[in-house]
Ligand SMILES: Cc1ncc(C[n+]2csc(CCOP(=O)(O)OP(=O)(O)O)c2C)c(N)n1
Ligand SMILES: CC(=O)[C@@H](O)[C@H](O)COP(=O)(O)O
Ligand SMILES: [Mg+2]
């Protein structure tokens with residue numbers, strides 16, 4: 001549905017249109033932009049509170065900076081809806097995150113205003129610094145490079161690495177720290193405390209006012225501005241502030257904290273900062289969800305609320321097919337508490353996703369035994385390794401795609417030392433509307449090549465519980481990973497007594513003839529759906545749930561390849577190196593001959609859409625499985641590789 005934009009907003013297609021307005025009109029532009037975001041997200045879904053919080057910042061940046069020549073780099077990009085709407089995409093914004101529509105994140109291929117593709121956090125300072133250094137090398141002295149990063153994203157190692165480099169690179173870089181005291185859940189850590197202290201400290205507030213007074217003069221100073229600012233800095237800031245400010249200590253000029261909702265002050269400060277060369281940091285204080293009272297009050301709930309009634313605030317039920325079971329994340333969250341009640345060594349770790357992965361259930365029940373470590377996947381893994389080294393049983397829960405950040409830590413700090421860290425990979429397989437940056441496509445492939453690892457995936461809630469139970473029973477001689485997807489399961493009565501699962505043992509879901517289907521994980525439920533139709537039409541393939549891709553159930557595979565000449569593998573993961581590859585390797589290594597059709601994510605970037613739409617696009621939904629069985633049944637291929 002296309003909502004009508006307000007009177008001023010409807011005149012803005014590009015930032016050049018925005019620049020035609022007088023400064024006093026910007027308050028109204030912000031009001032209309034905020035309303036437009038509310039109108040659109042309420043009917044189409046998507047990230048919400050973060051974009052509302054940066055409305056003024058977005059308008060001010062496009063008003064003052066010469067975009068796209070000047071580079072704006074949004075961190076994560078979940079807050080960039082205002083940016084999209086002001087940069088030529090208002091008319092298509094109703095397709096945001098919808099299959100074949102525009103992406104929910106900035107994306108280089110979508111617009112020249114999207115200077116850098118994002119989705120994962122904490123990349124903006126590095127990318128903007130790279131651009132700034134490139135401009136310096138090209139001799140472009142007048143180009144601005146701005147990284148807009150939230151306080152949550154600032155907790156990641158990458159952000160610190162970039163500040164460390166940026167402080168010595170002689171580049172024209174402005175970092176805008178959008179500080180709303182929130183990550184998805186409340187922000188955590190010592191940096192958060194530090195930022196809060198700055199924001200509330202009287203000394204800093206006085207300093208801020210002094211700096212504002214100085215900045216207001218800069219534009220009148222002409223070409224000598226740079227030199228004059230340096231002199232003033234020396235005299236008014238004094239060594240105490242210089243040394244005690246974290247960012248100043250890294251050679252960034254620190255400005256703020258300022259009110260990130262005061263559009264007129266913001267435009268003025270940004271104009272002044274344009275004239276100050278070198279690395280600078282502007283600390284803006286904002287309110288996540290600004291302008292929508294319910295979102296301001298419950299910022300976590302309104303981070304990405306789904307569809308809602310914008311008048312009453314009622315959040316609508318998901319449009320997905322009627323859920324049969326609980327969310328997998330809740331099975332994890334409840335099960336870890338149940339296990340931890342019996343095993344006092346169990347601890348829970350999440351890098352900034354307590355409500356996303358439901359570790360918040362344990363954080364509430366056992367606050368001393370569950371840790372939100374901030375957006376710090378690498379640290380989460382090595383921290384877990386340290387705990388395991390001292391005899392604890394850490395369940396480290398990381399979204400599959402965010403785990404990509406911590407690959408070396410898994411190999412170097414965990415697997416190599418055979419430490420029994422249990423990795424629970426949520427959002428494995430295609431993630432849905434978040435799209436390419438968030439699909440958990442690679443974990444089966446990137447984990448199964450690591451020695452000492454157990455790599456598993458449950459087909460349903462009961463299996464997830466039993467794998468978690470099995471993982472913590474003893475030290476298995478290395479890490480144990482369990483992957484499961486976003487969304488709901490299939491079992492209304494999922495809370496069954498725990499049963500140990502034999503490591504590397506698959507199971508027969510249904511016996512059959514002609515064709516064997518080997519699936520891994522919850523996508524096996526699409527196989528079950530396909531089988532219902534196939535059986536009615538007279539096809540009776542067998543279905544096996546591998547459960548483990550490492551170690552593989554070799555006994556089961558010997559049985560399968562001895563009986564079947566047609567084999568289909570199905571996985572919600574990349575084909576290159578995944579479960580199907582493992583089966584293929586087994587077949588070759590053991591001199592079996594069969595036709596194998598591997599279904600999974602092809603060697604291509606898969607964009608956004610509902611999970612079912614993406615399974616269909618990639619060719620491994622129930623319909624595609626059905627077709628594959630029929631093709632194999634008629635083809636009667638007895639050797640060689642198909643698909
Ligand atoms: C590497 C990585 N880990 C986790 C996430 C999930 N994530 C997305 S936004 C977000 C919170 C970001 O907080 P902040 O930067 O302060 O932005 P805000 O939403 O407060 O505006 C998190 C944890 C991610 N996108 N990337
Ligand atoms: C931007 C980001 O990375 C998160 O907000 C992510 O979209 C959360 O995904 P889930 O909704 O699957 O928890
Ligand atoms: Mg924040």
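Every residue, even glycine, has its Cβ placed from backbone N, Cα and C.
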Query: TrEMBL has 119, 120, 121, 152, 153, 180, 292, 377 binding thiamine diphosphate. Which one of 62, 78, 83 is in the same site?
result: 78
Query: So among the binding-site residues 151, 377, who's got the most Cβ atoms within 10 Å?
result: 377
Message: Any of the binding-site residues 78, 120, 377 with a C-beta atom under 6 A from ligand 3? Give them in order, or none.
response: none
Task: Translate the DSSP assignment of residue 377 (thiamine diphosphate binding site) into the three-state scheme.
output: helix
- prompt: Roughly how wide, in whole Å, is the group 78, 119, 120, 121, 152, 153, 180, 292, 377 that binds thiamine diphosphate, by largest Cα to Cα distance?
  reply: 32
Statement: Taking every residue in the domain 'Transketolase-like pyrimidine-binding' (326-492), the average pLDDT works out to 98
Query: Does anything in the same chain, at least 6 positions from residue 120 (thiamine diphosphate binding site), have a Cβ under 8 Å from its Cβ, and if so what?
result: 76, 401, 402, 405, 437
Task: Between the Cα atoms of residue 180 (thiamine diphosphate binding site) and residue 151 (Mg(2+) binding site), find the distance and write it as a whole number of Å.
output: 7
